[in-house]
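One structure is given below, encoded as structure tokens.
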Amino acid sequence: MTLREIPLLVWLTAVPRPVPHAVREAVTAVTSVDIDVHTNDSASTGVQFAMLCSFVGTFMVTRLVVRLIRSGRGPFGNVRVGTVHVHHLVPGIIIMLVTAPVQFIIAPHGTVRTVLACIFAAGAALTLDEFALWLHLTDVYWEDQGRKSVDAVVFVAGIGTLATLVSDPFSREEGESLWFYFLYLFITLAFVVVALFKGRLFMGPAGVLVFPLAVVAALRLAKMGSPWYSRFYVEGSKKQLKSQRRASQRGLEARLKQLVSGIPHH
């Protein structure tokens, strides 16, 4: 008997008799299923890489087209329905709403699966390119807040790259104790949570795939404005001042964001 079966066994013994035959069959089927996730086989890796290329490529093309529209160059223009400006996150959402059910219902294989995955990734890129619009519920594409869209895209692309390169991080090694396996997951999750509270929004989640990244992120200084910074760094303390100095020295990061986003300095 596995840990997954215990709650269901307790439920079966607790409910009054008679239990419908269909319910018993369903419970038996669930308890007999072993979840087998393969994220590191060649087919899955190929699909992940294709999705990553589609996601990054769509984002780059979208940014180029939008910048051309803003500068008045090229054959492109804003899409309008009457007086309503249709943001490109709208077709992105529609693409995802169509491709996801098709994937779940048909579950295609081979080339069709890869093409469908690439279309979904393109829709995700169109949508995340206007992530700041989700967040602020107003058009801040060319404002400082619009850089949050770039942050979101870089975050997803980074996690996607690691997921493509790293073998299945959740698989149990042969002969590995179940308790040791769950202990490893618990420790990993603890480091990831600390990293997130310190404002390490990329390295934290990336630590789920590569454990040392979670450790490094959790041990690093908290970013200014993060929950950890606000809760544990006393006003005027060395750590607070050091965090503030580092925040003011992120010139390269800011320039890269400006280069990608095209957002001018204000």
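Using N, Cα and C of the backbone, Cβ positions are placed for all residues, glycine too.
Record features, source TrEMBL:
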- 49-69: transmembrane segment (TRANSMEM)
- 89-107: transmembrane segment (TRANSMEM)
- 114-137: transmembrane segment (TRANSMEM)
- 149-166: transmembrane segment (TRANSMEM)
- 178-197: transmembrane segment (TRANSMEM)
- 203-222: transmembrane segment (TRANSMEM)
Highest-contact recorded stretch vs the transmembrane segment (203-222), from 49-69, 89-107, 114-137, 149-166, CB pairs under 8 Å: 149-166
Result, the transmembrane segment (178-197) in contact with the transmembrane segment (49-69) (3+ CB pairs under 8 Å): no
